[in-house]
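Shown next, in structure tokens, is the structure this report addresses.
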Amino acid sequence: MQTLTVSLADRSYPIHIGNGLLSQVELILPHLKRKQVAIVSNTTVAPLYMQTLAQPLRDAGISVIEIILPDGEAYKNSETLQTIYDHLLQNRCERNTTLIALGGGVIGDLTGYAAATYLRGVPFIQVPTTLLSQVDSSVGGKTGINHPLGKNMIGAFYQPKLVLADIDTLKTLPQRELSAGVAEVIKYGLIRDADFFDWLETNMSALMALDTAVASYAIYRSCQNKAEVVAVDEHEQGERALLNLGHTFGHAIENAMGYGVWLHGEAVAAGTVMAADLSQRMGWLNAAEVQRIKTIMQAAKLPIEAPDFGAEEYLRLMQLDKKVSDGRIRLILQQAIGKAVITADYDADKLQQTLSLAA
Ligand SMILES: NC(=O)c1ccc[n+]([C@@H]2O[C@H](COP(=O)([O-])OP(=O)(O)OC[C@H]3O[C@@H](n4cnc5c(N)ncnc54)[C@H](O)[C@@H]3O)[C@@H](O)[C@H]2O)c1
Ligand SMILES: O=C(O)C(=O)C[C@@H](O)[C@H](O)[C@H](O)COP(=O)(O)O
Ligand SMILES: [Zn+2]
């Protein structure tokens, strides 16, 4: 097992990464304030992993409430959130009851937001079971739900007490979901870690095959990058926005296509290629660098062409992005592989050209 720390003063927490962690109750017990937990999962993950996590807790004398939600991005909404509150209230969960998110990013974001708001805040633990959630969403404390008009529009920054990433759970993950997670792994290489990008180019087929050493290293290095960024800019006043590479385009795709039609990671991949295209138009990336970005996405079986629903509709949706400032869309663009910037200083006509080229 490897351990990293997200350093946030008295809210610092460990990320444990390794095999067979779900049943290692001794990793969880020190973080519980009360002998009661509510595990939130979904109809896909619960049959696979609920009892592996819940039984050792029960054996250790912990009362375990199971909350099982419908599966899918389309359920990351206020109605599902209400269902979580209903269960917590019906079971008389208290301020010191810990919520445990067992699942991918949808479960993590929903559970984290429920924890941030139930009784004005209860402790929570992330047990991510997708590659995407192990490398990104379980770390850093962004929690929330979608609104029909925009992605993640309602939420809170609220840090977990612990992240437990059990690599064994990835064995049951469908390939399409694995690819979606790789999109966020590639992101770290592109925004701040050129050596990692080089390493990913060499090791992509082993990562896609979930070679243990390669997958462990990719998850560790991704979490290390994310933890470093979050530690210096928890509330996205500056550098943290780099973690949004491809997301202004990607969130527009997710919303326009209907939540869940394009997976988050797929939309981020196509959005990252759009950001690279605009960066090239601005003279910041050369053609060879853009080709490297497309090639690595294709090696991960990710889309490199965005859907065409019209430049005007892209712009309308992108105006809803949380990074918009004084009405101006701010984008994460590349100055090199391994170096990204947040900027409103791009040519609007060139953005229009990038958007018009969507497939
Ligand atoms: N909070 C953040 O910082 C952050 C970061 C990135 C993404 N996100 C959010 O995360 C969500 C995407 O997360 P995701 O890609 O994990 O999607 P997801 O949570 O929908 O999980 C993907 C699918 O895999 C299933 N699944 C999960 N674990 C499994 C396993 N071990 N075996 C078999 N099936 C399994 C799920 O039930 C689901 O059907 C989006 O809503 C995105 O906005 C949040
Ligand atoms: O942690 C962050 O910061 C990120 O931006 C990570 C992203 O991968 C993630 O998709 C996040 O939920 C997007 O945040 P949003 O603020 O653009 O909704
Ligand atoms: Zn993301």
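Glycine too: its Cβ is placed from the backbone N, Cα and C atoms.
Per TrEMBL, the features are:
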- 71-76, 105-109, 129-130, LYS142, LYS151, 169-172: NAD(+) binding site (BINDING)
- GLU184, HIS247, HIS264: Zn(2+) binding site (BINDING)
- 67-179: domain '3-dehydroquinate synthase N-terminal' (DOMAIN)
- 181-324: domain '3-dehydroquinate synthase C-terminal' (DOMAIN)
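Recorded features from TrEMBL, shown on the structure.
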| residue | record | CB count, 10 Å |
| --- | --- | --- |
| ASP71 | NAD(+) binding site | 18 |
| ALA74 | NAD(+) binding site | 14 |
| GLY105 | NAD(+) binding site | 25 |
| GLY108 | NAD(+) binding site | 29 |
| THR130 | NAD(+) binding site | 26 |
| THR169 | NAD(+) binding site | 25 |
| THR172 | NAD(+) binding site | 12 |
| GLU184 | Zn(2+) binding site | 27 |
| HIS247 | Zn(2+) binding site | 26 |
| HIS264 | Zn(2+) binding site | 28 |
For the domain '3-dehydroquinate synthase C-terminal' (181-324), the mean pLDDT of the predicted model: 98
Binding-site residues near ligand 1 among ASP71, ALA74, HIS247, HIS264 (Cβ under 6 Å): ASP71, HIS264
Residue distribution over DSSP helix, strand and coil in the domain '3-dehydroquinate synthase N-terminal' (67-179): 50 helix, 33 strand, 30 coil
Cα-to-Cα gap, GLU184 (Zn(2+) binding site) vs ASP71 (NAD(+) binding site), nearest whole Å: 21
Cα proximity to HIS247 (Zn(2+) binding site), best match among binding-site residues ASP71, ALA74, THR169: ALA74
Tally of DSSP helical, extended and coil residues in the domain '3-dehydroquinate synthase C-terminal' (181-324): 104 helix, 2 strand, 38 coil
Alpha-carbon distance [HIS264 (Zn(2+) binding site); GLY108 (NAD(+) binding site)] in Å: 14
Annotated binding-site residues ASP71, GLY108, THR130, HIS247, filtered by Cβ under 6 Å to ligand 2: HIS247
THR130 (NAD(+) binding site) to HIS264 (Zn(2+) binding site) - Cα separation in whole Å: 12
Residues flanking the Zn(2+) site, with Cβ no more than 8 Å from the Cβ centroid of GLU184, HIS247, HIS264 and excluding those residues themselves: LEU132, ASP136, ALA183, LYS187, GLY246, GLY250, GLY265, ALA267, VAL268
